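Look at TrEMBL and you will find A:6-28, A:40-73, A:85-103, A:115-143, A:170-201, A:213-233, A:239-256 tagged as transmembrane segment.
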Amino acid sequence: MIELLLPPLFAGLAVALVSGPMGAFVVWRRMAFFGDTLAHGALLGAALGLALDISLYLAVVAVCLGLAGALTALQHQQQLASDTLLGIVAHTTLALGVIAISLQEGIQVDLFAYLFGDLLAVGWQDALALWAGAILILLLMLWQWRSLLSITVSEELAQVEGVAVQRTRLLLMLLLALLIAGAIRTVGVLLITSLLVIPAASARRLTHTPAQMAAVASVLGTLSVLAGLAVSWFANTPVGPSIVVAASSVFVLTLLRKPA
Amino acid sequence: MSEPLVNVQAVSVTLGGNSVLSEVSLTLAPGRITTLIGPNGAGKSTLARVVLGLVTPSSGSVNRRKGLRVGYMPQHIKIDDSLPLTVDRFLWLAAPGPTSARRAALEQAGVAHLRRRAVQQLSGGEMQRVLLARALLRKPDLLVLDEPAQGVDVAGQNALYGLLKSVRDDLGCAILLISHDLHLVMAATDEVICLQRHVCCSGSPESVSRDPAYHELFGPGGGTPNLALYTHDHDHDHDLHGDAQPGHQHDGNCHHD
């Protein structure tokens with residue numbers, strides 16, 4: 001029986017590993033709502049993928065990137081605050097996604113699996129694809145680490161110092177879109193942001209440098225996936241929410257520690 | 001004089017429908033300290049940001065020498081509390097290299113003791129010094145400092161200008177300073193540009209302090225008190241804050257070199 005758990009376990013660990021550094025940037029750059037919006041858009045992407053009969057991941061990444069571009073363009077008009085814009089876009093795309101999925105004829109789509117994840121249904125092929133994606137994202141982040149961090153500290157200073165600010169910001173969005181497309185299978189659309197934000201937030205109190213915070217977030221995320229899977233296995237709870245509750249429990253534990 | 005580092009020609013900037021700069025020209029050459037002075041809202045920071053390439057002018061041209069290394073000290077920056085960042089790491093971002101280089105830069109700016117502190121714990125003045133260290137660390141060809149003397153006492157200001165002079169002499173770099181008064185920058189400046197959306201007057205500190213346009217901007221108390229006021233024809237009026245009144249068209253008459 002336990003071998004049934006192995007692919008989900010590997011898949012979950014891949015997502016948790018890469019969510020550490022990515023989540024750190026989401027926290028530093030205050031992109032939680034932005035990530036959430038992309039995740040909501042992912043549902044629309046999944047629906048389009050099903051309708052057009054193309055790869056789900058491809059469709060989700062395409063929609064996320066389109067959304068990221070549209071949001072960046074929208075933020076240039078300054079009458080509405082960006083969280084208002086994000087609220088509009090997030091819920092519109094979520095609604096469109098649900099409608100699009102309900103319109104699929106003949107196919108019975110498990111909406112619940114997209115919204116809250118269905119990690120236990122992940123097979124070896126998906127797990128390997130997730131690991132490939134995770135390694136790709138981590139390598140790109142490592143390669144661009146100083147630029148990514150520079151634009152996070154101050155985009156103006158970075159630009160004066162010769163960092164390609166636009167390109168770096170685009171890279172970060174692309175990587176985030178990739179991660180969300182992958183993570184949709186593990187924790188689902190509604191819970192992805194929590195896997196990004198919670199471990200990183202927990203790591204803040206325990207660390208003194210950006211790299212430490214990213215690494216510790218990976219470790220805490222990994223622990224949360226392990227704990228969530230175990231709880232789900234023994235108590236028969238849904239996997240995605242179990243992982244999130246595990247991550248939140250870790251966060252509460254870190255609150256007991258004095259800030260570093 | 002050697003080839004200019006930055007050449008700004010007849011630049012105008014409009015932000016949100018308001019004209020912020022009109023027809024401003026400026027040349028920065030190696031080894032020279034230039035100071036921008038002018039009242040609040042005169043467009044000093046905007047002009048500095050044009051020089052830095054952070055603001056794109058609506059008309060005019062900006063030429064920067066290829067491969068120009070720039071050090072920039074903004075008035076302040078806000079770093080999110082969620083980012084665990086020491087002063088040392090903050091400097092590393094600008095120029096990775098041995099710790100000794102960062103320690104030396106911090107020492108030069110007089111804040112070596114802050115190296116291991118978190119950037120969020122610094123006071124405004126300390127952060128400015130750290131930003132200065134970061135700018136110096138890059139061994140810049142051009143150093144741009146936005147209000148470096150703000151909140152610094154007179155002794156501190158004298159030390160600061162002494163430091164800038166020695167940096168200029170060591171690196172042979174150009175320095176662009178922003179200030180809202182002329183008093184203390186006089187000694188350390190080669191050229192002063194008096195800005196009020198356009199260049200009102202420019203030249204050596206002595207000639208500018210004698211220039212009627214300067215007194216027009218700052219009032220009799222703003223200049224050196226024992227200098228007589230010149231009468232002069234100006235094509236516009238300034239209100240109490242020194243802001244040019246709306247409807248003013250600059251026609252080049254108020255340039256007094």
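Yeah, the Cβs are placed from backbone N, Cα and C, and that goes for glycine too.
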Looking at the stretches A:85-103, A:170-201, A:213-233, which one shares the most CB pairs under 8 Å with the transmembrane segment (A:115-143)?
A:170-201
Which of A:6-28, A:85-103, A:213-233 shares the most C-beta pairs under 8 angstroms with the transmembrane segment (A:239-256)?
A:213-233
For the transmembrane segment (A:6-28), name the stretch out of A:40-73, A:85-103, A:213-233 with the most CB-CB pairs under 8 Å.
A:213-233
Short question: most Cβ pairs under 8 Å with the transmembrane segment (A:40-73), which of A:85-103, A:170-201, A:213-233?
A:85-103
